[in-house]
Amino acid sequence: MLNVVILAAGLGKRMQSDLPKVLHSLAGKPMLEHVLDSASQLEPGRIVVVVGHGADRVRGAYEGRAGLSFALQQPQQGTGHAVQQAVPLLQEDGKDDVTLVLYGDVPLVQPDTLRRLLQARGQGAAVLTELLDDATGYGRIVRNEQGQVQRIVEHKDASEAERAIREVNTGILAAPTGRLKDWLSRIDNNNAQGEYYLTDVVGLAVADGVPVGAAQPSAGWETLGVNSRVQQAELERRWQQEQARRQLEAGVTLADPARFDVRGTLTCGRDVFIDVGCVFEGKVELADGVRVGPHCVLRDVSVGAGTHIDAYSHVQQATVGRDARIGPYARLRPGASLGDRTHVGNFVEIKNSVLDADSKANHLAYIGDADIGARVNVGAGTITCNYDGANKHRTIIEDDAFIGSDTQLVAPVRVGRGATLGAGTTLTRDAPAGQLTVSRARQTTIEGWQRPQKKS
């Protein structure tokens, strides 16, 4: 049975914020959520989050998440004391029970690294370590002449010889659950900080004859913690650099990898091109040959092969077919579904609407709550008037219709197949198929009329 304990009780004073530190965002989601997602991939029997400062807000953010429990650390008296608060919630079934300790402000540790750590422990304990050129402030890994881990000494408690050690403790640890409970009951706060150190369980394990293994992360950024806005920004950049590297290695062309942000997951086909300043949020899928112009924002979208999305377009919770042309300055809102070879041009907004294959809305239009068939032309300035002040109503435009410029369609209303609406029409009743419908006032010329002149 695998238990995961995530320490998330810290104040985060240097963040200069009322928001609990672990709820601050990294790559589009709270730091704690990154840790929860990585832990969940290990399929633990239970995850316990130890909360303290801002406990109610942290609980409120994740209370409904399956398999999650909370323990309160009050007051905060060190990492060992924090894990002690989780002890009553740890589960054991007698089958290789193990507890993994993670940190809510170390958000980017990867599941593969955690799997290696669990393997490294064998039947004993294991710590995740790292080699640093400058180890100032970190706990040092002290090994014996045979290279076996003996203990961890915190920087403030270390001798000069121990401070010369480059291998440091990341704080992440795995240990047999039953033995961990025993070791936690035996640690004390006889140290420079006056706190109960989780690291002391390593020395207790060695004293009890329990082997302590070690593993290293695949990349140094995995174990970087966040204690300030500066560190948050630095880690954000490191993570975005990693995202860019992965996309480049997968064959995506990035106009500038330094100006590229993924705040979720981005899946790309072959020969995708992404220009500068683009942001991808949630789950985004780009098929083969998609081109995304500069400064676009895509959130929870699927884009078909060969589609071009031009500059400054925003696409959210929408689907776009093959070989479509979107933008520049287009906005697709939730529920927009565009078919193959559709065109949505500058300053066109589409919400909760279907635009079937080969239909076009190239200029200055609002299409909301509409079902538009194939090969429809929507003229500039067209508006579907979908809201009556209380309820939304749908507009239906059948195949091959032509909607003239500056037209208002007052829903609920239907435009029949092949119908034409004259420019300036305000449509309040259904337009019959194959006919021209016009509702604007008749043009009049007043002969002899003179424009008023200013009085001198």
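Each Cβ is built from the backbone N, Cα and C atoms, and glycine gets one as well.
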**Request:** For the acetyl-CoA site, Swiss-Prot lists A380, N386, Y387, S405, R440; sort out which one of A357, A361, A423 goes with them.
**Result:** A423
**Item:** Outside the region 'Linker' (230-250), six or more residues from its ends: residues with CB under 8 Å to it
**Value:** 15, 24, 26-27, 107-108, 219, 221, 224, 257-258, 260-262, 266, 268, 274
**Prompt:** At the level of the C-alpha atoms, what whole-angstrom distance separates L7 (UDP-N-acetyl-alpha-D-glucosamine binding site) and D105 (Mg(2+) binding site)?
**Reply:** 8
**Item:** Listed in sequence order, residues with CB under 8 A of N386 (acetyl-CoA binding site) and six or more positions away
**Value:** G368, D369, A370, K392, H393, R394, T395, A411
**Message:** Taking only the residues in the region 'Linker' (230-250), give me the average pLDDT of this model.
**Reply:** 97
**Fill in**
In whole Å, the longest Cα-Cα distance within the recorded acetyl-CoA binders A380, N386, Y387, S405, A423, R440 is 22
**Residue from G78, Y387, S405, A423, R440 whose C-alpha is spatially nearest that of H363 (active site, proton acceptor), among the binding-site residues** = S405
